[in-house]
Amino acid sequence: MNWTDREPPTDPMSAFGIGNVAMVEGGRVAADQQLGPLFADHRGRIDLAALAVLFDHLGGLPFFRSGPNGSPCVQARLAMSMQGRVGVDDRVTGTAELMMHDDGFGSTRVDLVTSTGRLCCTGTARNVAVGRSFDAHPAEPRGAEPTPSGAYTHGVELPPAIEPSLTGREIVEQIANGIRPAGPIADLLNGRVELVDYDRAAGVRFLITTEPWMGNIFGTMHGGVIAAIAAQACSFAGQANAAAGADYQLGDLAIGFLRSPAVHGGELAVDVRPVKAGRRIASFEAIMRSADSTVLSTAAADVIYR
């Protein structure tokens, strides 16, 4: 993304408008995210991809804080379920609570609520202790600063309205051909989409160019950024199979992290294949690979049509 109009982010938290990371009662960890047009998709909607960094970051902090000197960890898997729509300008608050842990593993529940207190996303993170060294505490300074104001997440125009006569396939074709914008969040992720045909339904390939701000404390890609990329790829696949005028939402995403890619300008590809494209729900499988075809992550997603 071209950051000439705003200060470039230094990490995933600053990029996604996340702040106020703090311990709260009961040993839980909380944080806020200021949404805005910067995180909208090609429809001008906030969907699961916009919340993935907050979800993942919170998902690891309770396990980290469970040890006397901190327990360096990564997430092996996330399971996220959306619970309705989130407004473009909303401010989301997340809390995370460690459900179980031992020396090697943990399980953390994460809940995200809107500014009105309505649950909008819930799920779990599977934590795994690692022996890697890190330069700083995962929550300091990353995300500990005040949440950015709405001015940061604005200054980006929402995409034009989509003509209801267009099928989802036609919409994705227009995006792939540069006729229609891919949406601010795809631009933030340095992504471009290609339509891929399978036997009975459409899939996509989502190509990403990495940037240093996408990194975690270990110097490789933050799990929340990986999840956001996979979620946006699955969202495009959901759009590609939508009937003309149909609304849709990425309802569920389960993603496993196998290897974390470098963030020094290399290209990643997410291939999304349809499992079943029904009228109400479409299911997809996604695989993220590096430029040398190493499998980095696998995901399963359900798209809900209305």
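All positions are counted from 1 along the displayed chain.
Just so it is clear, glycine is given a Cβ too, placed from its N, Cα and C backbone atoms.
What TrEMBL lists as compositional bias 'Basic and acidic residues' is 134-143. Per TrEMBL, the feature domain 'Thioesterase' maps to 218-295. Marked as region 'Disordered' by TrEMBL: 132-154.
Averaged across the domain 'Thioesterase' (218-295), the predicted model reaches a pLDDT of 97.
Look at the domain 'Thioesterase' (218-295): DSSP puts its residues at 18 helix, 32 strand, 28 coil.
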